[in-house]
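Database features (TrEMBL):
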type: TRANSMEM; residues: 7-22; note: transmembrane segment
type: TRANSMEM; residues: 63-82; note: transmembrane segment
type: TRANSMEM; residues: 88-110; note: transmembrane segment
type: TRANSMEM; residues: 137-156; note: transmembrane segment
type: TRANSMEM; residues: 162-181; note: transmembrane segment
type: TRANSMEM; residues: 188-212; note: transmembrane segment
type: TRANSMEM; residues: 232-251; note: transmembrane segment
type: TRANSMEM; residues: 263-285; note: transmembrane segment
type: TRANSMEM; residues: 291-309; note: transmembrane segment
Amino acid sequence: MKNVERLANVALLGLSLAPLVVNVDPNVNVIVTACLTVFVGCYRSVKPTPPSETMSNEHAMRFPLVGSAMLLSLFLLFKFLSKDLVNAVLTCYFFVLGIAALSATLLPAIRRFLPKKWNDDLIIWHFPYFRSLEIEFTRSQIVAAIPGTIFCVWYAKQKHWLANNVLGLAFCIQGIEMLSLGSFKTGAILLAGLFVYDIFWVFFTPVMVSVAKSFDAPIKLLFPTADAKRPFSMLGLGDIVIPGIFVALALRFDVSRGKGPQYFKSAFIGYTFGLALTIFVMNWFQAAQPALLYIVPAVIGFLAVHCIWNGDVKPLLEFDEGKTKGAEEADAKESKKVE
């Protein structure tokens with residue numbers, strides 16, 4: 001890990017803990033925390049092989065529809081069932097997800113201090129009565145699961161904002177690290193669809209805001225304020241992860257060309273500008289804003305202008321991680337045949 005990545009991790013940790021001891025402006029906290037999370041997730045996504053999960057054009061087109069169905073379902077659940085009951089079920093669900101996400105986030109740092117055998121040797125555990133079902137894990141993953149479990153227990157018992165944010169940041173980093181849009185065309189389809197999705201559910205219905213306030217789970221980051229009437233500012237995880245995977249794609253595009261973070265910088269600056277504009281408009285009108293309304297045009301716009309200026313439109317549009325992965329696998333097979 002490069003020094004700049006270590007510095008980003010330390011800064012993110014420090015900023016997360018800072019409100020416990022000093023007053024941090026929530027607007028600044030929102031912007032810097034989100035940007036650091038995107039930065040960390042993007043660099044973690046750069047690996048010898050592309051991310052394991054790649055989105056297709058069809059998935060990107062269906063995503064806003066599936067998201068709308070889930071959002072409306074949650075709204076109806078909160079409306080017709082007890083909020084305590086719904087949140088209790090969701091807490092159990094996110095308890096398990098939180099352990100997995102936080103363990104995976106901490107694992108690279110923990111592995112450095114453990115014996116090589118603990119990192120490499122797999123343990124295979126079969127479910128009782130269902131021997132065909134099995135789980136593979138290493139001793140390192142067990143060690144990483146310990147702090148993950150502690151934080152999840154703390155969150156389930158106290159619902160403290162810091163525990164919520166630690167789990168939320170883990171979800172964001174893992175999402176950006178593990179998910180791939182595959183190509184910039186797919187990314188544009190996804191962002192355009194969610195651009196409309198965010199505007200519709202925030203401006204034309206009370207659904208999005210109502211669910212965000214009722215949903216007592218780490219699907220949003222909470223930033224303490226000095227206002228007793230509004231103790232926390234909120235930022236949905238989707239406003240970090242969705243643009244984040246697009247920015248991460250730009251970084252991996254730069255890496256595939258053997259160059260420095262050229263288009264990553266423009267996409268990242270676009271994300272920072274879009275988020276800052278969201279906060280400005282929200283404070284100006286004193287009303288909730290669909291963050292993707294500002295982030296999506298900024299990220300795509302900054303990247304597009306930079307790409308057109310450099311004359312790299314064709315290679316950027318032709319970039320496809322799925323084809324890159326397939327070519328690497330084919331080369332590996334050919335090399336084995338030659339041997």
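For all residues, glycine too, the Cβ spot is worked out from N, Cα and C.
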Chain residues in Cβ proximity to the transmembrane segment (137-156) (below 8 Å; excluding those fewer than six residues from its ends, i.e. six or more beyond): 91, 95, 98-104, 106-107, 110-111, 114, 117-123, 125, 163-164, 166-167, 218
Outside the transmembrane segment (188-212), six or more residues from its ends: residues with CB under 8 Å to it: 55, 57, 60-61, 63-64, 67-68, 71-72, 74-75, 78, 181, 219-220, 234, 236, 238, 242-243, 246, 288-293, 296-297, 299-300
Best-contacting stretch, by C-beta pairs under 8 Å, relative to the transmembrane segment (88-110) and drawn from 7-22, 63-82, 162-181: 162-181
Distant-in-sequence neighbours of the transmembrane segment (162-181), which means Cβ under 8 A and at least six residues beyond its ends: 12, 16-17, 20, 33, 37-38, 40-42, 44-45, 50-55, 60, 94, 97-98, 101-102, 104-105, 151-152, 154-155, 187, 190, 218-222, 237, 240-241, 244-246, 248-249, 252, 321
